[in-house]
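S.K.: Shown below is the structure under consideration.
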2 protein chains.
Amino acid sequence: MGEFDLIARYFKRPAKRSPLGVGDDCALLAPAAGMQLAVSSDMLVEGRHFLSTVEPARLGHKALAVNLSDLAACGAKPLAFTLALALPGVDEPWLEGFSRGLLALADAHGCELVGGDTTRGPLNICITVFGEVPAGAALLRSGARAGDDIWVSGTPGEARLALEVFRGTIALPADAFDTARRRMEQPTPRVALGQALRGIATSAVDVSDGLIGDLGHILASSGVGATLDVDAATALISVDTGNLGEELRRTCALSGGDDYELVFTAPASARNAVGQAGMDSSTRVTRIGRIEADAGLRIVDAAGAPVSQRFGSFDHFV
Amino acid sequence: MGEFDLIARYFKRPAKRSPLGVGDDCALLAPAAGMQLAVSSDMLVEGRHFLSTVEPARLGHKALAVNLSDLAACGAKPLAFTLALALPGVDEPWLEGFSRGLLALADAHGCELVGGDTTRGPLNICITVFGEVPAGAALLRSGARAGDDIWVSGTPGEARLALEVFRGTIALPADAFDTARRRMEQPTPRVALGQALRGIATSAVDVSDGLIGDLGHILASSGVGATLDVDAATALISVDTGNLGEELRRTCALSGGDDYELVFTAPASARNAVGQAGMDSSTRVTRIGRIEADAGLRIVDAAGAPVSQRFGSFDHFV
């Protein structure tokens, strides 16, 4: 199968909303008047962002989900995406599964595949996603203010549990592993929540490298510090972790990435509005800390006592 | 050096025109009223799109040039781009050269780096570029009509000569090799010509896989055929090819890719306008054939006699 047949069979579909889709030198997008275009690009490499054992359909889902998660963190509505794909060869069952998972999530969010590139090479998936947001309404990392609450969506830390099982460092009951594995391999981008938080949240980021590391981006961009309640975050892990110790559960909750939950801040006066945004988007939201003027991140337990355990963050080069 | 230091040192610059650049979950673009956004994505893999021997600065240039070339083929004006980069490790001299070549070309076209991704993995460069074009004015592949002239910019075929030297199949005089190698490693995207052809050309494509293969996209999309003068195309090769035979020169002209010239069509009544567009953009433009109603591509010599030599086109998977 040649390059153009491959594109036609697995990735070419008629563009419905975009003026021009797959098959010309460029795709054309027409943002509505008064809208800004939010753009994000993520590259997934085997062995770093996914294991070779992952089902192709789940991988297709995840490749788009991590990009939609960036739109969610900006409060943007998905519009379209491009897919650049390096493949070691033409593996039709893989392409069938990958494109099925990818396009199912795209359809669920009304996000059109409008173009891209295919080439031979070590497996590499690069998606660039486009969303729209009213001018001036995007959620940024830089808007957190002292006194704001810190919130997190969903159940961060479960993807990391699955990774630790794959690494062989822990064991989980079968049901718990299945749930955690799905969280790692097929994360749910919080697209509806992100849009519901426009005008309410003062800052937001999606958790890809770990809750602490990504919250750190908000603190640095906003020039503030924070106190975080490790027990409130750890309690969100809802899968049965059997006899695993609390230290490991805390590590998963605070350092685990790959859940693609949103961490965001909002004034204490907006607690009801945040709760409503969570309900409107069918997404659990939980307060886990508070922004403070003093720089640095202070981690405390439910009783307010400092926690001495150290938590890391993921970095591709250290 | 960590991931975020790497980005800060080599790739983070203040956004001048875009509302939000590198360093948040998304970048924000604000196309002017009445403009559509042209989007293209290209992925470059070592050994397929470039040789490991290429100077990093030239590679940085080329990685953006092939994307700007897609904007040129649509008649779009460059605005911004994202860069996703998989690197085997942190090689500072390589990063310094690569980013220097990349950003020099970006500055020359007023095209801002607004975001992207870095990860560890086999070397892979994926750029997505954004340009603007008045609604309805983009040059498409589908507009060629019987009777149109076929034009090409510049001197297609020279990049292929350099590739054949690297492959060891031919030798070139030193000066000629140096020129041809620069054409392959540091192509000039025909951005100004593309914009000058808006309202004049009926279709356009950029030549990445070979003149015949890419012209074939115009023919297929437009539902037309063509007759191409191989001698008119081959005569454009301006480097000294010494004692190489005409057959090899023809192969380079018609099957050679990687020159990133534009092939475009325009009515015969627009010949002066095309010539003026070439002059306004300081780009040589040459008529090399004619669009016809009969499907298929007929290749003839300067005397109009059919040429029996077969010419291929590049495909990553066959």
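In case you wondered, yes, glycine gets a Cβ from its N, Cα and C as well.
Since the structure is predicted, the reported quantities are computational estimates derived from the model, not experimental observations.
Sequence annotations record features per position, and here TrEMBL assigns domain 'PurM-like N-terminal' to B:23-133. According to TrEMBL, the feature Mg(2+) 4 binding site maps to B:Asp25, B:Ser40, B:Asp70. For B:Asp25, B:Asp70, B:Asp206, the entry in TrEMBL reads Mg(2+) 3 binding site. The Mg(2+) 1 binding site annotation in TrEMBL covers B:Ser41, B:Asp42, B:Asp117. For B:Asp42, B:Asp70, the entry in TrEMBL reads Mg(2+) 2 binding site. What TrEMBL records for B:His49, B:Asp258, B:Phe314 is substrate binding site. According to TrEMBL, the ATP binding site annotation covers B:Gly116, B:Asp117, B:Arg141, B:Ser208. The domain 'PurM-like C-terminal' annotation in TrEMBL covers B:176-300. The Mg(2+) 5 binding site annotation in TrEMBL covers B:Asp209.
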S.K.: Could you check the binding-site residues B:Ser40, B:Ser41, B:Asp70, B:Gly116, B:Ser208 and tell me which sit with their Cβ under 8 Å of a chain A Cβ?
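M.R.: Listed in sequence order, the binding-site residues near chain A are B:Ser40, B:Ser41, B:Asp70, B:Gly116.
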S.K.: Around the C-beta of B:Asp42 (Mg(2+) 1 binding site), how many further C-beta atoms are within 10 angstroms, looking at every protein chain?
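M.R.: Here the count is 25.
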S.K.: Quick one: of the binding-site residues B:Asp25, B:Ser40, B:Asp117, B:Asp258, which has its CA closest to the CA of B:Arg141 (ATP binding site)?
M.R.: B:Ser40
S.K.: Hey, how far is B:Asp42 (Mg(2+) 1 binding site) from B:Gly116 (ATP binding site), Cα to Cα, in Å?
M.R.: 14
S.K.: List every residue in the same chain as B:Asp70 (Mg(2+) 4 binding site), at least 6 positions away in sequence, whose Cβ is under 8 Å from its Cβ.
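M.R.: For B:Asp70 (Mg(2+) 4 binding site), the qualifying residues are B:Ala38, B:Ser40, B:Asp42, B:Val129, B:Asp206.
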S.K.: Going by C-alpha distance, which of the binding-site residues B:Asp25, B:Ser41, B:His49, B:Asp117, B:Asp258 is nearest to B:Ser208 (ATP binding site)?
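M.R.: Going through B:Asp25, B:Ser41, B:His49, B:Asp117, B:Asp258 one by one, the Cα closest to that of B:Ser208 (ATP binding site) is B:Asp258.
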S.K.: Near B:Asp258 (substrate binding site), which residues of its chain come within a Cβ-Cβ distance under 8 Å, counting only those 6 or more away in sequence?
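M.R.: The answer is B:Ala159, B:Arg160, B:Leu163, B:Met184, B:Pro187, B:Ser208.
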S.K.: Please report the Cα separation of B:Ser41 (Mg(2+) 1 binding site) and B:Asp209 (Mg(2+) 5 binding site) in Å, rounded to an integer.
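M.R.: Roughly 16 Å, rounded to the nearest whole number.
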S.K.: Which ones in the same chain are close to B:Gly116 (ATP binding site), with CB under 8 Å and 6+ residues apart in sequence?
M.R.: B:Phe11, B:Val22, B:Thr82, B:Leu83, B:Ala84, B:Leu85
S.K.: Can you tell me how many other Cβ atoms are located within 10 Å of the Cβ belonging to B:Ser40 (Mg(2+) 4 binding site)?
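M.R.: If we count other Cβ atoms within 10 Å of B:Ser40 (Mg(2+) 4 binding site), we arrive at 29.
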S.K.: List only the single closest residue to B:Asp117 (Mg(2+) 1 binding site), chosen from the binding-site residues B:Asp25, B:His49, B:Asp209 by CA-CA distance.
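M.R.: Comparing Cα positions, the candidate nearest B:Asp117 (Mg(2+) 1 binding site) turns out to be B:Asp25.
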S.K.: Fill in the CA-CA distance, B:Asp25 (Mg(2+) 4 binding site) to B:His49 (substrate binding site), as an integer in Å.
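M.R.: The separation of the Cα atoms works out to 30 Å.
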S.K.: About how far apart, in whole Å, are the alpha carbons (Cα) of B:His49 (substrate binding site) and B:Asp209 (Mg(2+) 5 binding site)?
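M.R.: One finds 11 Å between the Cα atoms of these residues.
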S.K.: Could you tell me how many residues in the domain 'PurM-like C-terminal' (B:176-300) are helical, how many are strand and how many are coil under DSSP?
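M.R.: Breakdown, helix to coil: 56 helix, 27 strand, 42 coil.
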S.K.: Please classify the secondary structure at B:Asp117 (Mg(2+) 1 binding site) using three-state DSSP.
M.R.: strand
